[in-house]
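> Quick paste of what TrEMBL says about this protein:
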BINDING   A:Arg20, A:Glu77, A:Lys117, A:Lys428  (6S)-5-formyl-5,6,7,8-tetrahydrofolate binding site
DOMAIN    A:213-351  domain 'TrmE-type G'
BINDING   A:Asn223, A:Ser242, A:Val244, A:Thr247  K(+) binding site
BINDING   A:223-228, A:242-248, A:267-270  GTP binding site
BINDING   A:Ser227, A:Thr248  Mg(2+) binding site
Amino acid sequence: MDTIFAQATAQGRAGVCVIRISGPQAFLIANTIASPLPAVRLAAVRAVRDAEGQILDRALVLSFEGPNSFTGEDTVELHLHGSIAVVRAVLRLLSGFDNARLAEPGEFTRRAMENGKLDLTQVEGLGDLIEAETEAQRKQALRVLSGHLGHKVDSWREKLVRAAALLEVTIDFADEDVPVDVSPEVNTLLTAVNSDILEEIAGTHSAERIRTGFEVAIIGRPNAGKSTLLNSLAGRDAAITSAVAGTTRDIIEVRMDLGGLPVTLLDTAGLREGADEVEAIGIDRAKIRAEQADLRVFLVDKYEELPVSVMPDDIILRPKADLLENPEGAISGVTGQGVKQLINRIQEVLSIRSLNAGLATHERHRVALQRSAEGLATAMLVLDHGPDQYDIASEELRHSIRALEALVGRIDVENLLDVIFSSFCLGK
Amino acid sequence: MKHFDVIVIGGGHAGAEAAHASARLGASTALITMSRDGIGVMSCNPAIGGLGKGHLVREIDAMDGVMGRVADKAGIQFRLLNRRKGPAVQGPRAQADRAIYRREMLSETEQRANLEIIEGEVTDFIVKKGSVAGAILSDGMEISAAAVVLTTGTFLRGVIHIGDRARSGGRMGDRASVDLANRIDSFDLPLGRLKTGTPPRLDGRTIDWEKLESQPGDAEPVLFSFLSEATSASQISCGITHTNEKTHDIIRNNLTRSAMYGGHIDGVGPRYCPSIEDKVVRFADKTSHQVFLEPEGADDHTIYPNGISTSLPEEVQLEYVRSMVGLERVEIIQPGYAIEYDYVDPRALDLTLSVRSVPGLFLAGQINGTTGYEEAAAQGLVAGLNAGLLAQGKESITFSRSESYIGVMIDDLTTRGVTEPYRMFTSRAEFRLSLRADNADQRLTPIAIALGVAGTKRIERFQAKMSKIDDAMAILTKDAYASKAIEAAGIKVSQDGSKRTGFELLAFPDVTFEHLININPELEIIEPEIRRQVERDALYAHYIVRQKRDIDLLRKDEAHIIPTEFDYNSIDGLSNELKSKLSISRPGNLSQAARIDGMTPSALTLLLSHLKRDSRKKSA
């Protein structure tokens, strides 16, 4: 089996970057490049050297002997300095070893499962684990697989199976005493399921219906115009606005569709000291939600310190552009100045984050539902031609049921597995 | 000691087909039966085929088996069921003359090379190192063999019930095989109990046919065998009568005296073939049921009243049959009875119908929990072929769900087991549009040829037919016609500017081959039989392409073989319930595992990862 390696921490510059190596050759490789390998489960600093003996970096080296590791295989972690150049050099060095290769997305998790380190409920529940690390779309895909949509699909499937059974009776017992016309009940069942599925398909597009969107928090001092901006972004009066500071006390959520991405905008209480008790609770909540959000839009004047830390990609804007002499880098919910640019910026940031195949799962569901609905539509058409074409009607129905079964993973198990795992980030 | 490659025990439909299949392979085969006269006996209704069942007969025939040819010779009324529906759900069926059927089957069996009939009762197996290596007869004779196919039908602890009287016996007039049953017990196979029933046999001379509706056969009979050309027995009609309120009252008033309802039978009966007691109780709002009066032979006055199987006492049977129109003066020749018997849970078998825990032993037919001659014969074919292949040291043959009803049945049986006697239906086959009775030869005869079990006549016929179909297809797919030209030939198509080939046009429900001749006179030379075949192929072409994708997925799952010794308990995260279900049915591959009742996507995924891990370990 191949030994795999990948950067386990986020891409880009950082204080520390961890490269994980897992597989039968892990110890051998690590002992070659960071010799001598420290005893298992003991961390030690080692020089990482290339084939010529040049030092690439000094790393903290930690090894785990299988099966007592995340993947269940021999695993070595190199904690390098988080320089892009260092990481690149070490990855290149690792690629030079026979039987070692860069891990595919999700391959560490996959091996962990294959080695019984995670059971499937854990993997399915990994939605929670990923939550902190990847974007919201994936959470939804996984939640859907195990929960809500699964139950819905089951109930549809049950109805369709009933309809199919009615048709089959007229086919397989044609020679016997079953002269009753089954088409009214079949039609009722198909119509009901079809409309449910169509509604579900429509729902996948509608941002309001998607519970787990990207959360974008608008934060700033009281009366910075956060609610006005929210209303402007949402295109409606979702939040009460007034000239009185501290008008917004609880968190107001507006879900909307930004370029196909479900986004929940959070309007939070303005952050200030010495507010009354109710407002203070609002401020505490605002801080927590803002920190958990996928992205923050800060409405702050220059050099203003806020009790929420700024993270990479966060957007910082000056508030109330309409009142400023020099409105550069400022925004106004009143005049709409800069609003379009803000939307574009949010969209850009979130699109990049969602690129990592997370949407494939989502798309797979939609396609399966679509296929199922198409089968039903054709089946209903064919049904009108009477019992002579029940062979075709029942085939369409079967097709429709199979599409639903594929959705919950009864048919092509392997494919399902690939989809689940490809939605994990590289190196997880 | 006598030695054969293969011993087949039992001369019923499973046994006969098994013996022939093994002998066709070239394996020296002994067919051991209690009586030569028992070969090819139809113990239940005198009919072959039907929906799903007709498909099986065609498939047996495509493998050059015997059932189809014998049924064609014995057929006295042929009907193609679902004639008005699509070809995929049409099933050939025939009333058979019992005497002719038995005579023809015996004669086929006597004439078959490599096949010897031995009369006797098998009381024990020769067992060597845990493998079955032959059989011992009641007279002490021992016969050794490399493989044994057991097809004892309902003989295992069979109990016959007529009303509250019960006695041991396989079917009317035969002894039950008690000794053999004890031996089978020692193998510790999982057993279950099933029941089935038969109606009283009536004397046709005492039926007032004038009063009855009659059901003739098809004007143009559709035969079973791809080799048969015409019927040979004289053709007859069946009569139809109905039960009525009075019939139902008589039955209701005597329910406690019925073996089925009086608590004398524990076995589970088939839901799709209920006794008349069942019908009256379960469908209480129905005031009448159809009864088909089927002659058992052209020269036989015995009538089989299809639809009123029963286990009521004899005098009640007489009373209720006489309550029906046309049967007022009828005499009963033999009363109806219910039979209760042991079957082996077929999940103990692999896809070759070999008992997993007892090497050398194959089971086929009703002993595996099925019902019907056709189901039995199809299993006989599979078991016989594999017993022969085992004896010859060759690789076994299995049938996939995607290529035959035989495959569907064996997969269902060995994966899911049975909860009632298993009968074939077309709806069991998910790839029904591809698995048609009309193309059974195209699906299976190449396999028969490759195995070496197809006779010369079969091979020549098949190849000639295929070359004619190929020729027709070449013409039909060569040119595409503009919609104008198509319309000129009298076919309505949308004028969307797209061109269509002749084959594509045939997919339109109203287009026949004859329409196409108007467009391309070249097609005139195609024979009518080939025209019809191509039409049937074309009708579903669109769906077959789509099903092909599903079949590919199935094949992919089927390719994930699960080793027989696979330890399900080693999978953490699998529920105890599933662990035990999987351990009982021991699916042969991932696709089978997916069909186990209660299987979840999560469990499957888990299973797949373990399989992959194991196979990687092996290759590493």
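Using N, Cα and C of the backbone, Cβ positions are placed for all residues, glycine too.
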> In whole Å, how far is A:Asn223 (K(+) binding site) from A:Glu77 ((6S)-5-formyl-5,6,7,8-tetrahydrofolate binding site) when you measure between their Cα atoms?
49
> Give the distance between the Cα atoms of A:Lys226 (GTP binding site) and A:Arg20 ((6S)-5-formyl-5,6,7,8-tetrahydrofolate binding site), rounded to the nearest whole Å.
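Distance between the two Cα atoms comes out at 43 Å.
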> Applying a 10 Å Cβ distance cut-off over all chains shown, what neighbour count does A:Asn223 (K(+) binding site) have?
20
> Tell me, how many other CB atoms lie within 10 A of the CB of A:Glu77 ((6S)-5-formyl-5,6,7,8-tetrahydrofolate binding site), whichever protein chain they belong to?
22
> Measuring Cα to Cα, how far is A:Asn223 (K(+) binding site) from A:Ala269 (GTP binding site) in Å?
9
> Based on DSSP, name the secondary structure state of A:Lys226 (GTP binding site): helix, strand or coil.
helix
> Roughly how many Å lie between the Cα atoms of A:Arg20 ((6S)-5-formyl-5,6,7,8-tetrahydrofolate binding site) and A:Ala269 (GTP binding site), rounded to a whole value?
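Given the Cα positions, A:Arg20 ((6S)-5-formyl-5,6,7,8-tetrahydrofolate binding site) is 42 Å from A:Ala269 (GTP binding site).
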> For a three-state summary based on DSSP, what are the helix, strand and coil counts in the domain 'TrmE-type G' (A:213-351)?
41 helix, 31 strand, 67 coil
> Calculate the per-residue pLDDT averaged over the domain 'TrmE-type G' (A:213-351) and state the result as an integer.
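Its mean pLDDT is 76.
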> Measure from the Cβ of A:Lys226 (GTP binding site) and count the other Cβ atoms within 10 Å, all protein chains considered.
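Result for A:Lys226 (GTP binding site): 29 other Cβ atoms within 10 Å.
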> Quick one: among the binding-site residues A:Arg20, A:Ser227, A:Ala269, which has the most Cβ atoms sitting within 10 Å of its own Cβ?
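Of A:Arg20, A:Ser227, A:Ala269, the one with the most crowded Cβ is A:Ala269.
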> Any idea what the Cα distance is from A:Ala269 (GTP binding site) over to A:Ser227 (Mg(2+) binding site), rounded to a whole Å?
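Their Cα atoms are separated by 9 Å.
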